[in-house]
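Novice: Quick one: structure below, then a few questions.
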Amino acid sequence: MASDNQLKRTLGFWSCLAVGVGLVVASTTLVSLGQGMGIAGGGFLFAMIAAWLLQYFTAMSFAELACIMPQAGGISTYTRVAMGSLPAIVATICGYVVVSMLAGPAELAVSGFVVNGVFMPSLPPMVFSLFLLALLVILNVVGVDIFAKSQILFTGIMILSMSALGAVGLLGLGAPAPSMPPMPFNPMGMEVFSLIALAIWLYIGIEFVCPMAEETIDPEKNIPKSMFLGLGIIFIVNLLYGYASIKYIPLDRLAESASPHVDVASAILGRTGEIWIGIVSLAATASSVNTLVGVIPRMLYGMAHDGEIPSIFGMIHPRFRTPWVGIVLMGVGMAAVLVSGVAGIEAIVIFIMAAALSWLIAYIIAHVDVIILRTRYKNIARPYKAPLYPLPQIIGIGGMIFLIINIFPDPITAAEIYKFGGLMVGIAIIYALLWIKLVMKKPLFKPISLDAAE
């Protein structure tokens, strides 16, 4: 029988796939795809491929770590074993908790904007955004089964619809495509690789399935498979919709639009396409925010049991067996940012890239974790072992550093991204230093044993 603070193991392969894909293919992702295609034209494909490879290497590292330590703490647990408490807390708060406070509200802002523009012009965007957030918080508190079923539904609607709309556009089955002036396939030349940081947002977050390990059936098989298949599905969907975009919409309009995905669907199928993509955008937002509200509290649950944050985050609802305190506080935090207007639609690209910047730091730490643990624990069982070690980790670390340095082509926008990203990192470091020294009273960089992490 499960103890009062134990999670239920109920998630299968399809639920894991829906968690990973559902966070990645979000409303903000659709905005990034449209703007990337608008900036670089068909050449954005090169940035997409480079970003996909980097994320595949990231998934390899996370798969190995999750199979060694199938714990709810995720990156926090892996890094405590590899490097100690300070990097573990910084990686989790900087790369996931604080990021979610920006990415989640940005997603919700897009959904409110779409509902207002497509379905209900009289409804203030903020009202719908807060309603959707409250609904997802309730679903996640009620139970992991509800979370999984709703995630599969949202993700299925989103992936099938995006693929269908892209195929209709490319095959010319909708409205006739307008005549476009001739232009080169890759107008940016080699400079297109400066957009890899924007392109990586198309795949970022695939590892969010890892903290669900304690609730996953056969995590050693289902977690790696779901991440790798998910990345393949995402690439194909983005390819279809991305090239349909530049067939129907001029590049400058795509690059400047706050909702390029809506513009594209409207151009392909008129009002029908507009309504269809509106539903897709809502499913994308629901899927991504559902994942954030569902997964981040599992990380906090693991951290609370390790003493890295207040113990209240380790509480499990006595009836629903969910980490309800973290879920509720996650919702409250997102609502506060949303109401403040900080993550409004006008600043969407800056917040997307600031979140990506912090995520990249967490990815570097994950690659370093693999290298350290391969050295320190050479003979332990690894149900999944990343091939070609250490090349994926070295290339991954180098690639992430390159992306951080080249976060955005425009220097003014890049400065804003560094400002918000630096603020996230600073908050994480200050909290970690104070908590470890004043509450935990432990060394900053003393790793725990692998046995202690179980």
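Count begins at 1; order follows the chain as displayed.
Note that Cβ sites are derived from N, Cα and C of the backbone, with glycine treated the same way.
I grabbed these lines from TrEMBL:
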type	residues	note
TRANSMEM	12-33	transmembrane segment
DOMAIN	21-419	domain 'Amino acid permease/ SLC12A'
TRANSMEM	45-69	transmembrane segment
TRANSMEM	81-103	transmembrane segment
TRANSMEM	123-143	transmembrane segment
TRANSMEM	152-173	transmembrane segment
TRANSMEM	193-214	transmembrane segment
TRANSMEM	226-244	transmembrane segment
TRANSMEM	275-301	transmembrane segment
TRANSMEM	322-342	transmembrane segment
TRANSMEM	348-366	transmembrane segment
TRANSMEM	387-408	transmembrane segment
TRANSMEM	420-440	transmembrane segment
Novice: When you check the transmembrane segment (193-214) against the transmembrane segment (420-440), do you get at least 3 Cβ pairs under 8 Å, counting only pairs 6 or more apart in sequence?
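Specialist: These two segments do not touch.
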Novice: When you look at the transmembrane segment (123-143) alongside the transmembrane segment (348-366), do they share 3+ Cβ pairs under 8 Å, ignoring any pair fewer than 6 residues apart in sequence?
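Specialist: Output no: the transmembrane segment (348-366) is apart from the transmembrane segment (123-143).
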Novice: Can you name the far-off residues of the same chain, 6+ from the ends of the transmembrane segment (420-440), with a Cβ under 8 Å from a Cβ of it?
Specialist: 85-86, 89-90, 93-94, 98-99, 102, 307-309, 350-351, 353-354, 357-358, 361, 407
Novice: Who are the chain neighbours of the transmembrane segment (81-103) in space, where the CB to CB distance is under 8 Å and they lie at least 6 residues beyond its ends?
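Specialist: Hits for the transmembrane segment (81-103): 26, 28, 69, 73-75, 288, 292, 296, 299-300, 303, 308, 330, 333-334, 337, 343, 351-352, 354-355, 358-359, 361-363, 365-366, 368-369, 372-373, 376, 420, 424-425, 427-429, 431-433, 435-436, 440, 442-450, 452-453.
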Novice: Residues of the same chain, at least six outside the transmembrane segment (387-408), with any C-beta under 8 angstroms of its C-beta?
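Specialist: Apart from its flanks, the transmembrane segment (387-408) reaches 50, 54, 56-58, 60-61, 193-194, 196-198, 200, 353, 356-357, 360-361, 363-364, 367-368, 370-371, 374, 414, 417-418, 421.
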Novice: Below 8 angstroms Cβ to Cβ, which residues of this chain, lying six or more residues outside the transmembrane segment (123-143), approach it?
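Specialist: 104-105, 108-109, 111-113, 115-116, 150, 282, 285-286, 289-290, 293-294, 297, 317, 320-322, 324, 327-328, 330-331, 334-335, 338-339, 345.
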Novice: Would you kindly check 45-69, 152-173, 275-301 and say which stretch has the most C-beta pairs under 8 angstroms to the transmembrane segment (226-244)?
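Specialist: The stretch with the most close Cβ contacts to the transmembrane segment (226-244) is 152-173.
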Novice: Kindly state the mean pLDDT of the domain 'Amino acid permease/ SLC12A' (21-419) in the predicted structure.
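Specialist: Computed over the domain 'Amino acid permease/ SLC12A' (21-419), the mean pLDDT is 89 on the 0 to 100 scale.
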